[in-house]
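Asker: Here it is, the structure in full.
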């Protein structure tokens, strides 16, 4: 199979997202042209390190590139001040200079944290994303959003800092646990829902075989990245169109906070539930027919995914408390909740005039089904 290259057009800061199998084995040759000296610092997590760090460092060594690595604990809890500070201090101890390159080898947590560390280290060093999860390959590794979570909420501290290169090796997705693969699919399906009905229709047919079909998997990653790249090029810092990428995320972030950023709810699972709620909200507001949320729920169920609040184990707070968590969302403008709603599949738009009582009733109904 060939490697696909999708360019993120940002003028002098443009970069390529390369998608295909075997990219980790060729990482040295891919990264070498970026280097001023043959040395990189790698941030990863303990799970990814056990699977992919040695082959990655071997590929660098074959190209004459020296490397050092720090493996942080795996999981969303790592994406906070303590591990962020640890990563920055380690990069300083490794004497990473402004002209050097930091590599993020891992999923969304590592990509976000390492990218933010690169953004603030010496007021900005370059970094390369090597995403190892489906979610990171189709979403978080592309577009330059970096950051960490705080006690107040998710991604509230961070920076826009674009990578210099993204290497999305679709072969490594075969090592993902099925639950993590399905969670990443929550972000894939989001792209069809927000702006490409044909892609969504293809996913309804191809989705169940993505985990086993390399060609279909590459197509799904490529189309997702193409859509994200187009939107980021138009609106890098989320003043307008880029907000569409947050379809499902206003609900998702509140649910993640309510579940303590734990294994009770993975980010992609929250996105899938959030998309279903956003389409249900759209239907209740008279924006789309009931067929749209029903069709989405049926597809997510067919994929074996979490779809409703009742699919989240353990206790959840009240509708009022969830609304209060949403008010902390970074998408809030002038104190108003901002939702991505839809007039149908592939027809999403930004709305910041959604009546709070309709959202509250939606959440109350969803909680009542638990």
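Every residue gets a Cβ built from N, Cα and C, even glycine.
Take a look at what Swiss-Prot says about it:
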BINDING   108, 109, 110, 111, 112, 132, 133, 145, 154  NAD(+) binding site
BINDING   187, 249, 267  Zn(2+) binding site
Asker: Select the most exposed residue of 112, 187, where exposure means the fewest other Cβ atoms within 10 Å, treating these as the binding-site residues.
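Answerer: Across 112, 187, these binding-site residues, the one with fewest Cβ atoms within 10 Å is 112.
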Asker: Can you list, in sequence order, the residues of the same chain other than 187, 249, 267 whose CB lies within 8 Å of the CB centroid of the Zn(2+) site?
Answerer: 135, 139, 186, 190, 248, 252, 268, 270, 271, 274
Asker: So what sits near residue 108 (NAD(+) binding site) in its own chain, CB-to-CB under 8 Å and at least six residues off in sequence?
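Answerer: The list for residue 108 (NAD(+) binding site) reads 131, 133, 135, 136, 139, 140, 141, 267, given in order along the sequence.
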Asker: Once the DSSP letters are reduced so that anything not helix or strand counts as coil, what is residue 267 (Zn(2+) binding site)?
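Answerer: It is helical.
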Asker: Whole-number Å distance between the CA of residue 110 (NAD(+) binding site) and the CA of residue 187 (Zn(2+) binding site)?
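Answerer: Cα-Cα, rounded: 17 Å.
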